[in-house]
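Peer 1: Copying in the features that TrEMBL gives for the protein in this structure:
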type     : residues  : note
DOMAIN   : B:149-471 : domain 'NADH:quinone oxidoreductase/Mrp antiporter transmembrane'
TRANSMEM : B:6-26    : transmembrane segment
TRANSMEM : B:38-57   : transmembrane segment
TRANSMEM : B:103-125 : transmembrane segment
TRANSMEM : B:132-149 : transmembrane segment
TRANSMEM : B:185-209 : transmembrane segment
TRANSMEM : B:261-283 : transmembrane segment
TRANSMEM : B:295-314 : transmembrane segment
TRANSMEM : B:326-347 : transmembrane segment
TRANSMEM : B:382-402 : transmembrane segment
TRANSMEM : B:423-448 : transmembrane segment
TRANSMEM : B:460-480 : transmembrane segment
TRANSMEM : B:500-523 : transmembrane segment
Amino acid sequence: MQMYAEAAFLIPLLPLAAYLILMALGRGSHTAGVWVGTGGAAASLLLSLLVWIERFRKGAVDYNDSFNWISIDRITLRIGFEVTNMSALLLVGVSLLSVLVHIYAAGYMKRDERLTVFYSYMSLFTFSLLALSLADNVLAFYLFWELASVSLFLLFGFWYAKSTARAAAKRAFIMLRLASAGLLLATLLLFWFMPEHALDFAAIHNVFEGQSGAIAKNITTLIASLLLLGAVGMAAQFPLYAWLSNAEQAPAPASALLQGAGMMTGALLLSKTTEIFQSAPAVTEAALYIGVVTAVYAAVRALMERDIKKVLIYSTISQLGVVQLSLALGAATSSMLYVLVHAICKTLLVLAAGHLLRTVGTADIGAMGGLRKHMPLAAWTFLIGGLALCGLPPLTGFWLQQSIWAEASEQHILWLAAIMLVLFLTAAYMSRMYFLIFEGKPRSAAAGIPEQGQKPSRLMSYSVVILAAIVVLSGFFQLVWGSLPEHWLDGDAAGRQGSMSLGLMLAAVAILLGGIWLGWLKNKRDASALLSNGNKLKDASAGWVADKASAIKRSFAVAGAALAAIEQAMGALPKLAAQLLYALGRLAVSFSLRSTIRGMGLAIILGLVITIIIMAAKGEW
Amino acid sequence: MAFLTELPLLSLMWLTPAAGMLLVLLTPARQGRVMQSLAVLAALLPLLFAAFLYATFNQQQGGGAYAEHHHWIEIPLPFALSAGQAYSEAKLSFSYAVAVDGLSLPLLLAAALVTGLAVVTAVQLRKRRKAFYFWLLGLEASLIGLFMARDVLLFIVFIQAALVALYFLLGIWGNPDGERTANRLLAGAGLGSLLLLAVFLILTCTAGLRIEKAGEQLQTVYSGGYGGIARGLLAEDTSMSQEVLDMREAAVAPLSEGVRMVLFILQLIGFGLFMPLLPFHTWLMRAQAGAPTSVAMIVSGLLPAAGAYGLLRYGVFLFPEQAEKLAPAMAVIGIVQLLYGALLALRQTDMRQLLAYASLSQMGFIWLGIAAFNEIGLQGTIFQLMASSLCFALLWLVVGSLQERAKTTAISELGGLARSLPFICGIFMAAGLSLIGIPGLAGFPGILLSLLGLFDTLPWLAAAAMPGIVLTAAYMLRCLLRVIFGPIDERHTAFKDARFIEAAPMIILLAFIVLLGCFPSFLTDTVQQSITGLYSQLLAGRMGG
Amino acid sequence: MTNSEALGSQLWWSTVQLIPELLLLLLLITLAAGVRFRLWNQAGAASGWLTLTWLVVVFAAALWRMLANGTEAAIEFAEGRGPGGVAGITYLALNAESLMFLLIIVGAFVVVLLSLEEERERRINHYLYIPTALLGIRLLLAPSNLITLYVGLELFSLAALSLIFATLNKRYKHLSRPERPALRFSVRSGVGTALLLFGMSYIYGLTGELDLAAIRAGISDIKPYASLGYMAILLMACGLGVKVAALPFGIWVSNEEETNTSFSYTAGAMFLTVAGQGATAAVLFHLLRETAIVQLLGLNSAYVGLQAIAASQMAWGTVALLRQKQAAHILGWASVINSGYLLVPVALSLAPVHSSSFAPLGYHFAVYMLAMFGATAILAAVREATGHGKLSGLAGLYHRSPWLAAAMVVFVLSFAGLPVTGGFFAKVYIWLGSAAAEAYWLLGVMAACTLAATYAYFGFIRQMFMRTGSDERSLQLPFAASAGIVICAVALVVLGLFPGLLMK
C-alpha cells in the first residue's frame, strides 16, 4: 500500500510553503521566522521518515506520478516525482541535515536582523534539494537545479554589504549557469533523440541499458559529455570548482547545507544517468581522469590552506572527486552511500568550524592553537567528524570505502593507487588541522583566552552533538547488519562488494595511520613556521585562478569595444543619408532660383533630346 | 457578465482609450484629478475586456463570435480593361475587419495589461500631463487595435497612428534630447510603416483580387481583407468557376516566385524595424533609452511584440515557402543579435541603455523561435513575446522608480539599495532573474520552447544560442548586483520605499510573470487552439497546391 | 420637333448649360465696374462679401446642373444631338470634371473667406482674379478642342497676372524692373504659351483637326509620323508645366534668398497655384484620354516619360524642402511635391492595364487644396503677429493657442499622409494605382519622398510643441479666417475617417 509514497510530493512542498510564508513575513518577527523555517524542514523530515519506513515493508514497489507541464499537440513536457529506495534514503538524508542546520542557524544567526530572510532562502534551498532527489525526468532535474543555483546565489550574497560576497555570488551564479547550460543542451538532445520524446530516467535506463543502439553512437557520446559538463559544474569538479571555493562568503549554516546535502545532488545526476555514461566509454574515461585530478589537487590545496573554512571546502571538492571516480567506475550505490556519509560528516565538521568561528572570532588556523582545554566539545566533535571522513575502521565510512576500493581493484590498479593517495592526503590534512587548532601552544591572544568570546548558544551545541551521535551510530549500524544497506538499495545486487579482501583492509588502516603521522609532522613544521612569521603559508594557486577569470573578463571587454565601434558606425548611417539629402537640397534650390529663361529653355531641350534617345532605343522612333 | 458577449467587444477595446482621449481633451486642465481618473479608467477598461475575452475564448470556436466586419471604403473603379470583359465594373473595398485568434489573443492581453499599467504609472509625471495622457491613450488605442486588425489598410492605419503618438511622446517628454530621438523614430518606424504599406498595397492588387457574383454579373473586387489575400496567395480558390478563373488570370499575373521572395524580404525589413532586426535597431535603442518610464514600458515591451506578430501573421503565414527557405538565415540573425546585444549590454554604464540592449538581445530568441518553423517554435515565440513584454515592463517600472528617487540611472552611482529600498530591489531581482530565464518565472518556458523547436530543424544553431544564455545571466547580474548588493552610499539611505501607486502595478506584473512561469499551459492551451497543424497545412497546402 | 423648335430648344438647352459660367462673367463685370467707378472704397470688405455670396449662387447652379445632367433623360437627350457643346465648350455631365469644378468653387469660397480681413492696412484686394480664374479653369477642365484649351489657359494666366499686379508688385518697388515678380511671371508664362502653341501646331499639322474627337478619329492614319505626335504631346505637356510652375516661382522664390523675409503670400496666390496645378493635371488627363493618342500610336515609352517627370518633380521638391527655414518656402516646395503627386495618376492612367480613373486625382486635389489653404491661413496669421515669416514664429504655439496648434497638426499630418487625415487615403489611393500598374519603381520613389518630406513637415510640429517661443501672446485670428481653418481641418478629418463619401 503506497499511502505515503503517493504523498511524497508533499515533502518538497512543505519547505516551499515555509519559503512563501517567510517571504510574506519579511523582516518581521524573528522567532516566528525560526519556527516556520525549522517547522517546514521538520515536517518534511517526518514525512520522508514515514516514506522510508514504508519502503522496508515487503512488496514495496517504486511509485511514479507526474503532471504535464506544457502540452503542444503531440508533444507534452511532464514534471513528476518517483519514489525508489535511493530517493527515499536521499530524502531522509537531506531533510535530516536541513533540520539540524536550521536548529544550528537559530543559534548561529541570532543577532542578524535579516534572520527571517535567511530562513526563507534556506527553505527555498531545501525545497529545491528535496525536489531534485525526487525528480523523475531530466527536465524536472534541470528545473530544480536552476532553482537550487538561484537559492545558492542568494545565500552566497546574503551579507550583501560585503563586496566580496557580491563578487562571490556573481561568479558562482555565472559558473552554475554555464553548467546548467550544458545540462539544458543535453535535455534538448535527449528530447529529440529519445523514442517518443521520453525524458524520464526510467526510459533512459531501458534505452541505454542494453546499448540497444536506439541512439547513434556519436549522439550518445555528445549527450554523455554534456551531462558530464553539467555534473562537473554541479559537483564542483576540476574545471568549474572555483564557485564552491567562495562558499566561505556564505554564512556557516548555509555552507554546511551546501557542502553536505547540496553536493549530494551533484553526484545524483551521474548516478541517475550511469547507463548513458556506460554506453560512452570515452566520456567515462574523461570522468575518471577529472575525478582523480580533482581529488588529488583539492587534497593538496587543503593541506596548504590556512583558513579553516577553505580547508573544509577543498576537502569537500576532493571527496566529490573520489565519488565521481567511483561513480565512473560503476559502483553507483556504494558511491551514493559514500556521498551520504560524507554529507553527514562534512556538515558536522562545518558546523563545528562555525562553532569555533563564533568563539575564537577568526577562521585563520595560524591564529589558533591549544583549544582542546577550553573547548572540549568542539575538539571531540571535530575529531569524530575527521576520523569518520577518513574512514576509521569501525565507522560506516570504512566499509563503503572498502567496497569502492574493491570495485577499483577489479578495474585498474591505477585508480586504486589514486584513491589510496587521496585517502593518505585526506588523513594528512585532517590531522594537521586538528593538531594545529587543538594541540600545542595558543599562537595568538584570541586563542589563548576564548572565554571572553560570546558563549556559543545551547542550540548550536545540541545540533552538533546529535550529528556526532548519528555518525557514530551509523558506524555500528553497518557492523550489526553487515552490508544490508547495499542489498536494500540495489535490490537484487549479488554480493559484489562481498569480496572485500582482508589485505585491502589492512592497507587502508596502514595508510590512515601514515597520513595521521604526516599530518602531525606537518603541523609541527607549520606551528614553528607560524611562530616565526605569520603569513608564510600564502595561498599558492589563488593567483592562477584570479588571472584566468580576469583573462575572460578582458576578452569580453575587447569584444564589447569592437561591437560598440560597429554600433557607432550603424548609428552614423542615417546621419550620412541626411547629409547627402541636404547637399542635394542646396543644389536643387540654388539651381531653381538662378534659372533664367535661358536655363529653362536649355532644360526643356535637354529633356526632349533624352526622350528622343529613349524612344529611338525602344524602337518607337 | 453575460451581457458582455453581445457588445462588439473587440471594437470597444480600442474605442474606450480613444474615447478617453477625447474626454481628457475636453476636461479643463485645472481639474487634474478628474482628468487623471478618467484617463486611468479609460486605460484599464480594455484590460477588463481582454481578461473576459481570454476567459471565454476557450469555449468559443477560435474566438469567431467576436469577429466584426463592416465595410469601410467601397470605391467603384470603372474597370477599363482593354479586353472589354463581360462584367461591368470593379470595386475597391477596404473593410473594418477585426477578429482575434490564439495567436493574437495572448499578445492582446499583454498589450492591454502593459498599456493600462503604463497609464497608471503616468500619474507621477508632472510636465504637461493633459497632453501626455492624450497621446498615451492614443498610443494604447492604436497598439490594441493593431493586434486585432484583419484588414491590411486597418493594420497600417493603426501602426502609423502609433507612430504619430510616439513622435509626440518621445519628442516632448524624452529626457536626453527628446527631439533627436523623435526624429530617429520618424526615420526608423516611418520607413518601416511605409515599406509595409507598399508591400500590402502590392498584395491587395495582386493576391487580394477576387471575383464575386454581384447580382447576375460578375464583379472584380480589390480587397484588403486578410482572408482574401491569404486565399489568393496560398491555394488557388477552386470554388470559382472556370470562366471566372481565366478572367482572374487575365486581370492579374499570379505572383511569381521571385516577387514573393522580394515581398517577404521587404516585410522582413519592414517588421524588422519594429522588432529590432540587427542592422535597423539604432533608433529603437535610443527611443527606449530616452523615453519617459511609461512610454519606455510600452516601447520596449509591445513594439517588438507588434513587429513579431505582424511578421508572423502577414509574413510567415502568407509566404510559408519563402519563410522556410529563409529560416536558417533568420536563425543566424537571431544568434548574432543575441550575442551582439548581450556583449554590448555587458559594457553599458547606464541602466536605461542596458535595458535597451537587453531587449535587443532577448529579441534574438524570437528570431530563433520563428526560424524553428514548427508548432513548438511558434509557441515558444509567442510565449517569449508575452514574457519579455511583461518582464521589460516590470524592469522599466523599477528603473523609473529608482530614477525618480536617485535622480540618476548610472549603475556606478547606485549601490547597496537593498538596505533602503527592500521592496523595489526584491521586485528588481525577481524581474532580472525572470529575464535570465530562471524556471518558475516567465522567461524560462519561452526560451525552452524556442530552443526545443529550433533544435528539431537546426540543432547546431540552437547549441550556438547557449553562450547567449550565459551572457544574459552575466550582464543582468552585473547590473542587479551592482545596484542592489554592495555597500550603500549615504546619499541613498534616506529613500522611502515604493508607494502604493508604484507597488500595485509591480505586484500585478510579477503575479503574471510567476503565473506564466509555473503554469505555462495557461498560455499554450489558448495558442494551441488556433495553430494546431498550422504549419503542416501551410506546407501541405504548398505541396498539394 | 420642327427644325426651329429643335434649334430653339437647343439654344435654350445650351444657355441652361452655361448658367454658372454666365453668372461668373456677370460677377467679373460687376467687380470691374466696382473698381472702375469706385462703387465701394478699396479697403471695404463689401467686394469680399459680394464675391462670397455670389460664389454660393454659382456653386448652387453648378450643382443643379451636374445633377440635372446626370438624369437619364438629359443623357439620352444630349446623346441624341451628338457631342453637346457650343463653340468647343462641352457640357459638364455627371463626371469627374464637374466634381473637380465644384471642388474649385469650394476652394475659391474658402480662399475668399480666409482673405476677407487679410492685409487690412494695405487694402488692395479686389477679388477680380477669382471669377477670371474660375472661368479659365472651367474652360480648361473639359475642352472639346485645342483652342478652348488655349483660351482657358490664357484666361487663367490673366487672372494670375492681375493678382500679382494688385498685391505683390507694390511691395517690390525697390527691386529693379526686370526683377519685379510681375514681369518675371509674364515672361515665364509667355515661354509656356509658346511651347504649348508649338505642340498644338504639330497636332494640327498632322491631323488637320482641332477638335479632340476629330483628332482621335484621324489619329490612326498618321501611324508613320508617330514620333511627331509624341513630340507634340511632350511639348504641350512642357508648355502646361512651365505655365503652371511660373506662378509659384514668380511669387515665392525671390532672388535674395535670405534678405527679404517679408514675402507676403496671400491666400489668393495660394488658390491660384493649387487650382492651376489641379487644372493642368486634369487637362493633361483629359487630353490624353480623349485623343487616346498614346494607345493608338503604341508609344508606351510615353508613360515612362510622364512617370519620370512626376517622380523627378517629387524628388526635387522633397530634397529642396529639407533645407527650408521659411514657412513660405516650405509651402512653396510642398506645392511642387504635391503637383508631382497629382501628375502620377495622369501618368499611370496611360498604363495599359491600369483601371484607375480620374478619382485619385480628384481626391488628392481636394485634400491638397484643403490642407494648403488651412496651413496658409495659419502661417499668414503667424506672419501678421510676428512680422517675420520664419518657422520660429510658431514656437510654443501649443500653449499660446492650442486649438490652432491642433488644426496645424491636422494639416501637417495630411501633407505627410499619415492616418486619420484625408492625406492618408489620398496617398494610399495613388500608391494603389501605381501598384496595380506594376510601376514598382515609382512606388519606391514615392515612399522615399514621403519619408523625407514627413521629416520636413514635422518641422512645424517640432516648432509648435517642442520649442518655447519668446512672446506669450495668444494668436488672434479674424472670425472668418478661423471659420475657414475649422472647415478645412474638420473636412480633412472627415475625409480621413470616411474616404468613401467623396467617391460617390
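A Cβ is built for glycine as well, from the same backbone N, Cα and C atoms used for every other residue.
How about a rundown of where these features are and what they're close to?
Peer 2: Away from its own ends, the transmembrane segment (B:38-57) comes close to residues 1, 4-5, 9-10, 12-14, 16-17, 19-21, 23-24, 27, 63, 66, 100, 105-106, 108-109, 111-113, 115-116, 118-120, 122-123, 133, 136-137, 140, 144, 526, 529 of its chain (Cβ-Cβ under 8 Å, at least six residues beyond either end).
Beyond the ends of the transmembrane segment (B:261-283), by six or more residues, the same chain brings 159, 184-185, 187-189, 191-193, 195-196, 198-199, 202-203, 255, 303-308, 310-311, 314-315, 319, 322-323, 325-326, 330, 333, 336-337, 340, 359-360, 363, 366-367 to within a C-beta distance below 8 angstroms of the stretch.
Counting same-chain residues at least six beyond the ends of the transmembrane segment (B:295-314), those with a Cβ under 8 angstroms from any Cβ of the stretch are 103-104, 107, 110-111, 114-115, 117-118, 121, 136, 139-140, 143, 146-147, 152, 155, 159, 162, 166, 169-170, 173, 196, 200, 226, 267-268, 271-276, 284, 287-288, 352, 355-356, 359, 363, 366, 370, 378, 381, 385-386, 388-390, 392-393, 396-397, 399-400.
Same-chain residues lying 6+ beyond the ends of the transmembrane segment (B:326-347) with a Cβ under 8 Å from its Cβ atoms: 264-265, 268, 276-278, 281, 354, 357-368, 370-373, 454, 457-458, 461, 464-465, 467-468, 471-472, 474-475, 478.
With a threshold of 8 Å between CB atoms, the same-chain residues lying at least 6 positions outside the transmembrane segment (B:382-402) that come near it are 103, 106-107, 109-111, 113-114, 117-118, 121, 292-294, 296-298, 300-302, 304-305, 308-309, 351-352, 355, 358-359, 362-363, 365-366, 369, 409, 414, 417, 421, 424, 427-428, 430-432, 434-435, 442-443, 445-447, 449-450, 483, 498, 502, 505-506, 509-510, 512-513, 516, 520, 523-524, 527.
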Peer 1: Suppose I define contact as three or more CB-CB distances under 8 A, residues 6 or more apart in sequence; do the transmembrane segment (B:500-523) and the transmembrane segment (B:103-125) meet it?
Peer 2: yes
Peer 1: State, in range form, which of B:103-125, B:132-149, B:423-448, B:460-480 has the highest count of Cβ pairs under 8 Å to the transmembrane segment (B:6-26).
Peer 2: B:132-149
Peer 1: For the transmembrane segment (B:460-480), find every same-chain residue at least 6 residues outside the stretch whose CB is under 8 Å from a CB in it, and list them.
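Peer 2: Here the qualifying positions are 328, 331-332, 334-335, 338-339, 342-343, 345-346, 348, 351, 354, 358, 361-362, 364-365, 368, 371, 411, 428-429, 432-433, 435-437, 447, 451, 454.
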